[in-house]
Amino acid sequence: MVELIGGSPHSGWWRILLVIAFAATFFLHVFCHSGDDPGYNFLHKASIAPPISYYDYIVIGGGTAGCPLAATLSKNADVLVLERGGSPYGNPNITLFSSFGAAISDLSPTSPSQRFISEDGVVNARARVLGGGSCLNAGFYSRAGPVYVQDAGWDGQLVKESYQWVEEVVAFRPEMGGWQSAVRDGLVEAGVVPYNGFTYEHIQGTKVGGTLFDKEGKRHTAADLLKYANPSRIRVLLHATVHKILFRRKGLTRPRAHGVIFRDELGNVHRAYLNRGAKNEIILASGALGSPQLLMLSGVGPAPHLKAHNIEVVLDQPMVGRGMSDNPMNAVYIPSPIPVEVALIQVAGITPFGSYIEAACGENFAAGAPIRADFGMFSPKIGRLSTLPPKKRTPEALAKAAELMSKLDARVFQGGFILEKVTGPLSNGHLELRTRNPNDNPTVTFNYFSNPQDLTRCVQGIQTIEKVINSRAFSKYKYKGMTFQTLLNLTAQAPVNLLPHHPNVSTSFEQFCKDTVMTIWHYHGGCQVGRVVDSDYKVMGIDALRVVDGSTFLASPGTNPQATVMMLGRYMGVKILRERLAHREHQ
Ligand SMILES: Cc1cc2nc3c(=O)[nH]c(=O)nc-3n(C[C@H](O)[C@H](O)[C@H](O)COP(=O)(O)OP(=O)(O)OC[C@H]3O[C@@H](n4cnc5c(N)ncnc54)[C@H](O)[C@@H]3O)c2cc1C
Ligand SMILES: *[C@@H]1O[C@H](CO)[C@@H](O)[C@H](O)[C@H]1NC(C)=O
Ligand SMILES: *[C@@H]1O[C@H](CO)[C@@H](O)[C@H](O)[C@H]1NC(C)=O
Ligand SMILES: *[C@@H]1O[C@H](CO)[C@@H](O)[C@H](O)[C@H]1NC(C)=O
């Protein structure tokens, strides 16, 4: 049975609030969002594609990296983008700040999010929509630090220009409410100094970062970067699921990618090939799950594993699918005695010991919508879900809990989360095919905290959160007499993952880290630089094939990755075009 902590029954006030909220949502929807769709004339359903077509570049995945990459390439070449999902435009679950979480709890086959559960037992999400993860995410926008850029061997000036190119369209300065400001000041009191004000830069100390949400609460995504595209040289196909990359091998010393097979929304098969030309290429940008999965489905991966799935081996590459990491995230839920603004991540505490502190607050689901009892979400309603043993966390039991909560007064849900994310991380795992269907999730294992240093960083992060909560600046948002121990006990009871909880889950910080681990969705790896692709993002051992997305990362950049994923799309687009022009001049 599900127990709920405190709360008062249905009140008239609640109903009035619902009506107001509903009216407000309707107003926003009708008056502020009709003009959102940029009306790209190059965006089509995949079924309009001929059975066979030819391009200079074929980009697989119109996600966070794929959109800026394709927009850039179209300046000087004919580009095809194949995206398995639909358009983000006109879907309020994506465009409205107030509906954060709606898309990731939508489990329908047409959802812009595809749920996966890692073998570790942590519920996670991957994008299935034009714009990719930038359509689902919490919007926090923050660059990578100079050390990261240097280690990656990137050209610093082009990196800077590429970030600016992205920021021009998608990044905004957030409006800070009381709760986020209290976390910011509490971080400074806790010694996460200096205070660096509002900045996109990754610098030690406390800062306010950027956001994809504009002043009206409208989300801007990587799909908006297609505004930069040359409409006469780009075609973007939606609901185009790539099943296989095709290679030419006859008479060549190494395999050369030359085409793809994809299916449209009706299930019909199409082929797209590269035009003749030494510089034409296929570029995988299908994300940390999609890119290694598609390489394997195309015959590039560990030979024994491919053979076990009856896949013809094009190149035995044992490193495909290796180095999968997901930065562990642990959060502490703090109920508040006073009202709290609704905000996703705005503040970041960048500590010297490799733990990043961020926070989310308020009831962020569109008022009046049914409560979605889901895992690992930034909702106080999740904080309010009480003891349900992991095995009993069935959808029915969660729905029941949600129903009980819907009868409570809104005040019960005042509060927020302060979370910490472990940098890197150092722990990693692997990805394997489950089936030969590209629509199915592969199996992924992240091995959270298998490296003890990740655990140390988590514990230090939780200790910092304790200091923030006990700071003078934060005191008004905490019930008097509610100790940190009580908050940990409360948080440990929320159904945030499928892991068993040990009896010492809330009395040992180590155990708290392990048992209440969640994802902050910054998973990466699978086609890492130096292991699967070279420093130019070319797949080693194969011609005319690159990977440009989060699967290439050795570690997650900055506090949060999306700024750098978009930057990399632009950066590599510029690099690839420069190579193309240099080649032409030599001819
Ligand atoms: C809920 C959530 C919250 C997050 N919060 C933040 C945040 O606040 N700040 C931040 O910086 N980062 C955040 N992130 C992380 C960030 O959004 C991701 O790291 C980033 O979007 C990954 O980009 P990508 O280009 O590697 O992959 P994606 O953006 O996932 O792009 C891959 C694309 O390829 C497509 N695809 C895959 N397979 C195929 C196929 N076979 N055929 C055709 N198309 C295919 C997919 O549909 C997808 O559109 C969050 C992520 C999530 C999910
Ligand atoms: C929005 O998400 C909810 C579930 O979270 C789903 O029921 C609804 O159909 C979605 N709406 C759209 C337009 O996708
Ligand atoms: C927290 O939980 C532990 C273990 O279940 C218990 O011993 C302790 O009394 C609780 N403390 C508080 C303050 O709730
Ligand atoms: C917590 O308790 C479990 C047994 O229930 C034990 O194996 C583990 O070592 C303990 N963890 C810590 C960090 O003390």
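Using the three backbone atoms N, Cα and C, a Cβ is placed for every residue, glycine included.
Unlike curated records, TrEMBL annotations are generated automatically.
Note that the structure is predicted; figures quoted are calculated from it, not measured.
Record source TrEMBL places Cys513 in a disulfide bond whose other cysteine, from Cys361, Cys458, is Cys458. Non-local neighbourhood of Val242 (FAD binding site): Ile60, Leu82, Arg84, Val260, Ile261, Phe262, Ser286, Leu294, Pro438, each in the same chain, at least six residues away, with C-beta under 8 Å from its C-beta. Recorded residues His522 (FAD binding site) and Cys458 (disulfide bond) have their alpha carbons 16 Å apart, per Cα-Cα distance. When secondary structure is read from DSSP and collapsed to three states, Val129 (FAD binding site) falls in the strand class. Mapped onto DSSP classes, the domain 'Glucose-methanol-choline oxidoreductase N-terminal' (287-301) shows 11 helix, 2 strand, 2 coil. DSSP assigns Val242 (FAD binding site) to a strand in the three-state reduction. A separation of roughly 17 Å, to the nearest angstrom, links the Cα atoms of Trp521 (FAD binding site) and Cys513 (disulfide bond).
Among the recorded positions Val242, Cys458, Cys513, Trp521, Gly550, the ones whose Cβ sits under 6 Å from an atom of ligand 1 are, in sequence order, Val242, Trp521, Gly550. Overall, the recorded FAD-binding residues Val129, Val242, Trp521, His522, Gly550, Pro561, Gln562 cover a maximum inter-Cα distance of 25 Å.
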